[in-house]
Structures are given as C-alpha cells and as structure tokens.
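*Asks:* Copying in the features that Swiss-Prot gives for the protein in this structure:
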SIGNAL    1-24  signal peptide
DISULFID  43-99  disulfide bond
REGION    69-85  region 'Interaction with host N-linked glycan'
SITE      156  site 'Important for oligomerization'
DISULFID  183-188  disulfide bond
SITE      390  site 'Important for heptamerization'
C-alpha cells in the first residue's frame, strides 16, 4: 500500500513539473505593448490583449504611460488602473485595451562582422579607430543623442555626429562638436563630448595565419653506433633503448609596438606549421612583446627489439638530426576601450532611468570590447529590458518607444561591432630529434673473443659504443643514453 502511495505522489510531482515547464512565463517587452481604443478586449490584427500576469510583470511601465484616472482593459475581463488608483489590477471592463504582438520581437542586438583595422603601432590603430566617421564617430554620437545628451554635433552641420573635432587627450581621444563660428539654441555652446580611453588589446589564438615558410629539412648532427652482443649459447631477444632530452629553441620578433600592449587571455599552444616538431606554450595574461622566445625540453625515448644469435653481435646505428623553420606570422587582437559620454541631458526627453527634466550634466562610461568588464552586466543590456530594475542606468524601453526598435538595434549593433587589429612579426624555431634505431646483419664472434668473455656474468651487452655526451649536449641533445636489456 505504501509503495502505491509513493508511486502516486511521484507521478503527481512529475506531471506538475511537466505542467510548470509548459506554462513557463515568457518575457514581455514593454516597448511592444500598444494601446488600442477599439473596445473591451479588442486589438488590431496581429495583436492580443495583455494578460493579468503579463501586466503585473511590467506594471510600473504601464502605469507610467497612463493618465491619472485612466482604466485600460486586459484579457479575461481584467483591467489596470492609472496612478490615481495606485495601478490597481482588478476584474472589470473598459473601452480600451493594452495589446501585445502575437509574435513579439525580443530585440537582440545584431552581431555585425568584425571591423579589421590594419596593423600598426598603437597610436596608429587608435587614430584610425576614432577618426572613422562611418564605423565609429557617427554610431557613438547617435548613441549619445538617443540617450538624451544635448548638442552631439558641430556648428557647421545640423546633423548628429557631423562636424566633430577629434583631439588627443592624455592616453585617450576626445570627440566633440566643432564650436567655431557661433550657434543658436539653448546652451548650444556646451557641446556634449565622447572620450575614448583606457585601450587594451587581447590576442585571438584561433586567428593565426602565416606567410611563406622557410624550412631546412632534417640536418644530420651525429650518428651513434654500437654493437648489441650476445655472449650466450642461445638466441637472445633484447631491447635497445636510446633516451635523450629533446630541446626546442624558438624566438619571435614583432613588427609594431602595439604588441607591447597586447595580452593573451588564456595560455595556448603555438600552432604547428610545416614538419618541424614544436611544443611551444604561450603563457596567459602577459604582454605579447615580453614573450620573445624560449626553450622547451622533453624526454624522448626510441627503442628496437632485435634478436641476437648465439655468440654474435648486431650493429646498432641511430642518427640524430636538427631542423629549423621560419615564417612571418599574424594574429588578430580584439580592441577594448572605455567610452565616456559627458554633457547635459535634454529637457525634452532623455533615457536616464529617472528621466530628469532639469537638464543635469551627466557623465557615464561604457566598457566596450569582448574582454572588458567580464563577469559584469552587459554595458547595453537591451535584451533584459523586460525585467524591472535589471536594466541599470538607461531606460531602453523609452529609447525604443521614442526612436523605434529597428533604429536602436541598428545603432547598438554598430556601437558593439567587434574591432580587431593585427599583431605581426617573424617566427623562428630549431628542434632536435632522433631517427629510428637501425639494426645491421649479425656478426659471429671469434672463438678467442668468446673464451675471454666466458667468465662474465653478462649475457648481453653493448660494445664498441660511439657516443660523446658532451658534444651531443652542445647540439641540444641532453642526457643521452643507449642501453640494452634482455627481454624477460
């Protein structure tokens, strides 16, 4: 009986969870809610009445758009009442309705293709960025204008983002409307400014490319020789092992000083090019220019398993090589920066979340770029505008209602367009490696030699070994050893 009760409870819980998933709430974007005066619960084609729960989720926004004693209908004979009624939602009827699209658009910011700035020194890259009218000056100027900053333009043009002066200020740049020649309008001499500063650059490991490769091929350094000797009356299978520390030496030179400001976000392996064996790891969170080269070492072993006839020896030979490679390289680097807008906000409409009407002078900084402000709120969280209190600082619902969703999507997409420059230079590496162990034809030992060795406890041994450890170390082969053991 108890098992049946437990089973029934589990089934009820599972069905409840499934129902909760089916009925999960969807975001309601206030800027897409429209007022319709077509009668109780009547909306235009493509729209439906807003439900009570949906109205509750954006109640503050709806009430702020209503008259003091206004009453507007919702679905299923619910109404929401204006500020004079403290925004009460209750059962009732009204001759007008809050309506919502059947297919709402969330309004995600589009991701535009990267803007690639040619390689150069840091000041060259910055200059190209802040002086580009179409890709930078106009988008950021229009953003400031849409947010409510006054006079984002110069005296010689009636349009936003035109006739703008760009000047170097400290480690950044100031973009501001030209104030020469006089102007007309309230406080028109107080132009809003846009400062671009605190640049940083982050390497993109996956963006690696290279030019023509010059590779030496393998060059013989030394040949190690020995004999694998069997002193017994029976054939012996042996293991001949060459063991050594393999070194790889590498270096790079950088074409432009921008590399001094570029950092790597995560450690990564230098890409393999050609046939030169490399195992190079670039450390994280360091200046790219500071990593000029280095050496890596790994222990390598090569073995062979020949069978040596009785009272015979097999010639053993292994060749040691080195090779080098060089080529020009290029990585892309993401550009990150601070964008600071400063000026007074328009009385006739601004997007600050309190919508002040006393024309306050306001300064606000956005952290732009894929590696700026990681872990913090997105600097332009338009897609979270349906959550009251989540969208800090700016009222994106207001900007969308004022200028249109597509206009704001287009502008914010251009402001957030990824900006990249290039880090270029030349790469060189040298690596050492061993070939396979070669085994020659057996050689029968003389009777005299066998008699001299008969008293030895060793059954197999390496004889006539030609291996100069010191000379090999100078060539990059460390701790070289050649050993032989019988197979057990």
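Cβ coordinates come from backbone N, Cα and C, glycine included.
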*Asks:* Note the mean pLDDT of the region 'Interaction with host N-linked glycan' (69-85), expressed as a whole number.
*Replies:* 95
*Asks:* Are there disulfide-bonded residues among 43, 183, 188 that sit within 10 Å of residue 156 (site 'Important for oligomerization'), Cα to Cα? If so, list them; otherwise say none.
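*Replies:* Near residue 156 (site 'Important for oligomerization') by Cα: 183.
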*Asks:* Cα-Cα, whole number of Å: residue 188 (disulfide bond) versus residue 99 (disulfide bond)?
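*Replies:* With the alpha carbons as reference points, the distance is 41 Å.
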*Asks:* Give me the CA-CA distance between residue 99 (disulfide bond) and residue 183 (disulfide bond), in Å, as a whole number.
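*Replies:* A Cα-Cα distance of 44 Å.
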*Asks:* Name the residues of the same chain, 6+ apart in sequence, whose Cβ is under 8 Å from the Cβ of residue 43 (disulfide bond)?
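*Replies:* For residue 43 (disulfide bond), the qualifying residues are 34, 36, 49, 97, 99.
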*Asks:* For a quick check of packing: other C-beta atoms within 10 Å of the C-beta of residue 183 (disulfide bond), how many?
*Replies:* 17
*Asks:* Using a 10 Å radius around each Cβ and all protein chains in view, which of these disulfide-bonded residues has the most neighbours: 99, 188?
*Replies:* 99
*Asks:* By DSSP, how many residues in the region 'Interaction with host N-linked glycan' (69-85) are helix, how many strand, and how many coil?
*Replies:* 6 helix, 7 strand, 4 coil
*Asks:* Give me the count of other Cβ atoms within 10 A of the Cβ belonging to residue 156 (site 'Important for oligomerization').
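*Replies:* Within a 10 Å radius of the Cβ of residue 156 (site 'Important for oligomerization') lie 12 other Cβ atoms.
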